[in-house]
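Undergrad: What follows is a single structure, and I will ask about it in a moment.
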Amino acid sequence: MVERAHNTPGPSRELLSDADIGRVVDRIAHQILEKTRGARDVTLLGIPTRGVPLAVRLAERIRSFEGVEVPHGALDVTLYRDDLRLRGARPLGPTSVPAGGIDGRRVILVDDVLYSGRTVRAALNALYDIGRPLQVQLAVLVDRGHRELPIRADYVGKNIPTAHSEKVSVLLRETDERDAVVLHGGDL
Amino acid sequence: MTKRAPAILVLEDGRVFHGEAYGAVGETLGEAVFSTGMTGYQETLTDPSYHRQIVAMTSPHIGNTGVNDEDDESARVWVAGFVVRQPSRIASNWRAKRSLEDELATQGVVGICGVDTRALTRHLRERGSMRAGISSVDTNPQRLLAKVLASPPMAGANLIADVTTREPYTVAAASGDPVLTVAAIDYGIKRNTPRRMAERGIETRVLPASSTVDEVLAQKPDAVFLSNGPGDPATADLSLIKGLLESGTPIFGICFGNQLLGRALGLDTFKLRYGHRGINQPVLDKATGKVEVTAHNHGFAVKAPAAPSVETPYGTAEVSHVCLNDDVVEGLRLTRDGKTIAFSVQYHPEAAAGPHDADYLFDRLVTLAEGAR
């Protein structure tokens, strides 16, 4: 589950700057090209909110590195969450699957923070209601640990060991005023 | 800091990388290759085996230890061009005498920085080493591409005359009287090879590659060393090596020397798609089953014979070492009457730069030379 506590009081520290995030996205794009041997059958699906612009950025980087057009879209997982009944109603995000669908494609799920793994579990269920991918991989900007399910990422921008009491915020220009990864709370 | 001029790197297949001038400002052509060594750029730059090659370093930060006066492998920088991701702004090492960029500029070596070397490396891995050009004076890709396409390819290139010593010279044993004398045929020898031999009491007489059998044997060598070097082994004259094999002189070869020994024994050589260049290549010694992590720099290799051993006019030849990444032949052994009379390796036991796992091969050279007395 992703924490987005932008207004959390207490100390905070910027762990990744604007330039760092640029480099990290570049590297993940390179790794996708290498691990999927040219990314020719890859479809990128971002998990709203911030996974969507990350998927767009990755597709753009892959195009600039190798001239490969990677289809990309968004996959909303809200209705597949296991905590729907525990919390109040939430707005649904957009789901847009690229033309051609996901059957037989190497789908890479893209999210900003990997934490408990429950969001990814929901994404897998959402995905299998749409089609049958050849393979599913996971790319995240930050892995902060504390998994509650047997899930791991194939591409990690940065591993940030955290305490449960801390909060990790990913800010992206498309949704926030700047690019940054900020750690709030805990004993800084 | 002065502003860098824009520069381009153009590959033979038309791919263009944009960056900034690094080292000398100018234009250069060569074969684009990549080296995976994270350290040892000074040894790489001065290794004659890199003659006519534009070397891209996969390690992203280059120049941090500057340049010193001890680590050069020859009298000059041999690479035709140098490609780095991010040059170090300062040199920080107790041995550093000057910055890498100043050294490159002084020696007129054209380089480019700010290039996405990871994309470049992947391109070369998938499509193979190819001709390339760097220019920081004319950044029109089309004009540079035309020059790249007009430049000679590495396959079929004979570069021995460019790099071999003009006059013979001697490297004395490290201390005391020499135990053994080795005649080294210079196809582009690295300084660390005679140094490794000198440590074992060997006096090395380095001879031009054009030497005749009589000139070599006139040195009364206990063994002959065939050095590393640039170019296509298929173009080299083998009469010297065949003559030496006939004379029964023990032979030890490294890199290009391994390829030439292989060819003299009737084996074939071929150009690898993107070569082995780096300092962490795993090699299996087939005799002992031991794996060494070794330094490599080769774009050509000996083609593995179909049979485990091949009968030659000089004895029985067999493959002694293989690379565990791709099964490329990394060493040869020639035996006659159950006794080793010549051996060679494709990699670099002199390890400049690189790990010292293969240093024992120089001890084997001593054993070989002593055994032939």
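Each Cβ is built from the backbone N, Cα and C atoms, and glycine gets one as well.
Because the structure is a prediction, the values reported are computed rather than measured.
Got these off TrEMBL a minute ago, pasting:
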- B:C255: active site, nucleophile (ACT_SITE)
- B:H348: active site (ACT_SITE)
- B:E350: active site (ACT_SITE)
- B:S49, B:G229, B:G231, B:F256, B:Q259, B:N297, B:G299, B:F300: L-glutamine binding site (BINDING)
- B:5-135: domain 'Carbamoyl-phosphate synthase small subunit N-terminal' (DOMAIN)
- B:1-180: region 'CPSase' (REGION)
Undergrad: Which residues, same chain and not among B:S49, B:G229, B:G231, B:F256, B:Q259, B:N297, B:G299, B:F300, have a CB within 8 angstroms of the centroid of the CB atoms at the recorded L-glutamine site?
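TA: Apart from the listed residues, the neighbours are B:G188, B:N228, B:P230, B:P233, B:C255, B:H298.
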Undergrad: Give the sequence-ordered list of residues that share a chain with B:F300 (L-glutamine binding site), lie 6 or more positions from it, and have CB atoms under 8 Å from its CB.
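TA: Those within reach of B:F300 (L-glutamine binding site), by Cβ under 8 Å and sequence separation of 6 or more, are B:D232, B:P233, B:Q259, B:T269, B:F270, B:K271, B:L272, B:G275.
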Undergrad: Using the alpha carbons only, what distance in Å do you get between B:F256 (L-glutamine binding site) and B:H348 (active site) once rounded?
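TA: Each residue's Cα considered, B:F256 (L-glutamine binding site) and B:H348 (active site) end up 10 Å apart.
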Undergrad: B:H348 (active site) to B:C255 (active site, nucleophile): how many Å between their Cα atoms?
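TA: With the alpha carbons as reference points, the distance is 7 Å.
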Undergrad: Would you mind splitting the domain 'Carbamoyl-phosphate synthase small subunit N-terminal' (B:5-135) into helix, strand and coil residue counts from DSSP?
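TA: Breakdown, helix to coil: 27 helix, 51 strand, 53 coil.
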Undergrad: What does the structure give for the C-alpha distance between B:N297 (L-glutamine binding site) and B:E350 (active site)? Integer Å is fine.
TA: 12
Undergrad: Validating a neighbour-count step here. Other CB atoms within 10 A of the CB of B:N297 (L-glutamine binding site): how many?
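TA: Result for B:N297 (L-glutamine binding site): 29 other Cβ atoms within 10 Å.
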Undergrad: For the L-glutamine binding site, please report the maximum Cα-Cα distance among B:S49, B:G229, B:G231, B:F256, B:Q259, B:N297, B:G299, B:F300 in Å.
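TA: The two farthest binding residues have Cα atoms 13 Å apart.
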Undergrad: Long-range same-chain neighbours of B:G231 (L-glutamine binding site), Cβ under 8 Å, sequence gap at least 6?
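TA: Once residues fewer than 6 apart are set aside, B:G231 (L-glutamine binding site) is near B:H51, B:R52, B:M154, B:A157, B:N158, B:L159, B:I160, B:F256.
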Undergrad: Might you list, by sequence position, any residue in that chain lying six or more from B:S49 (L-glutamine binding site) with a Cβ less than 8 Å away from its Cβ?
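TA: The answer is B:W78, B:G188, B:K190, B:N228, B:G229, B:P230, B:C255, B:F256, B:N297, B:H298.
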Undergrad: For B:E350 (active site), write down the residues of its own chain that are at least 6 apart in sequence and whose Cβ falls under 8 Å from its Cβ; none is a fine answer.
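TA: B:E350 (active site) has long-range Cβ partners B:K190, B:N192, B:T193, B:R195, B:R196, B:I254.
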Undergrad: Relative to the Cβ of B:G299 (L-glutamine binding site), which residues of the same chain, six or more apart in sequence, are found under 8 Å away?
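TA: B:G299 (L-glutamine binding site) has long-range Cβ partners B:E31, B:V33, B:Q53, B:S129, B:M154, B:K271, B:L272, B:G275.
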